[in-house]
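Pulled from TrEMBL, these are the listed features:
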DOMAIN    251-437  domain 'HD-GYP'
TRANSMEM  39-57  transmembrane segment
TRANSMEM  69-86  transmembrane segment
TRANSMEM  92-111  transmembrane segment
TRANSMEM  123-142  transmembrane segment
TRANSMEM  162-181  transmembrane segment
TRANSMEM  202-223  transmembrane segment
TRANSMEM  229-246  transmembrane segment
Amino acid sequence: MKPGRAWPRRSQAVLYAASAVLVAALVHAILTVEKVTPMGWGVALVYLVTIVVGELWRVTVLGTRDFPPIALAASLAMPMTTTLPAETQADYSAGFVVVVVALATLLGHIVRQWTRTGEFVLSRIWARVLVVAVASLLYLVIPLDGKPLADWVEAWSDFSWLTALAMLAVAAVAMLLQLLLMALRHSVTTHAMMWQSLVDEVGAVGPLALATASSATVIALAVGALGPIAIPIFLAPLLLLQLAVTRQSLVRDAQRQTIRSLSRLTDLGGFTTPGHAVRVAHLSLSMGRDLGLAERDLVDLEYAALLHDLGQVSLRRPIPGGATTATAPLDQRRIAHTGASILARTAELSRLSLVVAGQSTPYRYGREAQDLALACRILKASNAFDDLSAGAMRGPVTLRSLERIRLNLGYEYDPVVVRSLCRVLVREGRLTLAEVDSLDI
């Protein structure tokens, strides 16, 4: 099996597994639904409405990840809700919980699409089914010393902290699965390395996921004393956290839009061809993911790629076509260092100056190559390819551009980075595998 097809097939396996779990849960729910108490039905209805509302209000993290903390907290709290006020039992079965959560998540996505506040993403529904199924099995089904965790609640009545820890552990395991499924989806859609995607998901969403797990635990404990009113009350702190994360995301989006506007400065001044910076940023991001760069490094690489030609504004006469690869090495370094010096004067963008300055440094085997950051090598190759191809999406120009780069392989350009460039171009349909083989890179 080709490596490029491994992750899509694994994602299909996840969908098949979730479908099987949902069918089994539906059968189990039909067999056990008569055991649910009237008050249990009322609490289940509140959970259902909360999940639907939570799906409508998802938070965007780092501009690329949709995360529903309210819906997830309610979904994880429901299987751990066994005791209701007046010593009433909810008597939820694992199958019943999975079906209710799946139905609520489905309704939430339908309403999102109907109100045009988001897309209908089937994989997210399947992921929720698996996450809640794991939480339900751990708390309601799998025996611990002969009986499930739910039955140990009465035995731990004098040690309520044990119940809280057990619930928190179940919610944490379920959230780890959620992060793993998010990483798998990110890896499939962006062709990033799976391990790096998982590290990025934990870094980006981990704190919010931990807050979600702890909120689910508090809600499950509070419903037993206060009833269904505890669900919205104890979701309020999570809602405030979600508002703070949303505001932070808006600031990041504004920063990205500002940098994209600055990147057009050289286009409007006639120094570069229209869209050159955006094309270089797109290629650099794809290569960075392919080579396993972390999320923070990818953001810096994207910003540096958008602003890599900023030094050209100091030129008296524009370079024909804006192609810096056609200029002398000394001029390339001067342009790069001019752009880097402009960025170094800005506190927020000063970290990009090293990448912009390093794009003019030639790659060589040995000690000098090791000192050159991977982001610099990626930016150098992607900029050279777009300069040589003049933005051509496919055709003979693409192959000829790579042939030109191949002539300086090992001296100007890192062979590992150029091979990554070839893989990206093949995935985008701009190059064939036969053409890559003919290059012998």
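Including glycine, each Cβ sits where the backbone N, Cα and C put it.
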Could you pull out which residues elsewhere in the chain have a CB under 8 Å from any CB of the transmembrane segment (202-223), counting only those six or more residues past its ends?
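Beyond its ends, the transmembrane segment (202-223) has Cβ neighbours at 43, 59, 61-62, 65, 67, 69, 72-77, 80-81, 83-84, 160, 163-164, 167-168, 171-172, 174-175, 178-179, 182, 230-231, 233-235, 237-238, 241, 245, 294-296.
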Should anything in the same chain at least six residues away from the transmembrane segment (229-246) have a Cβ under 8 Å from its Cβ atoms, list it; otherwise answer none.
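Here the qualifying positions are 43, 46-47, 50, 57, 59-61, 69-70, 73-74, 77, 208, 211-212, 215, 218-219, 222-223.
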For the transmembrane segment (92-111), give me same-chain residues lying six or more residues beyond its boundaries with a C-beta closer than 8 angstroms to one of its C-beta atoms, as numbers and ranges.
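Non-local partners: 21-22, 24-33, 35-36, 40, 44, 47-49, 51-56, 71, 75, 78-79, 81-82, 118, 120-121, 124-125, 128-129, 132-133, 136-137, 140-141.
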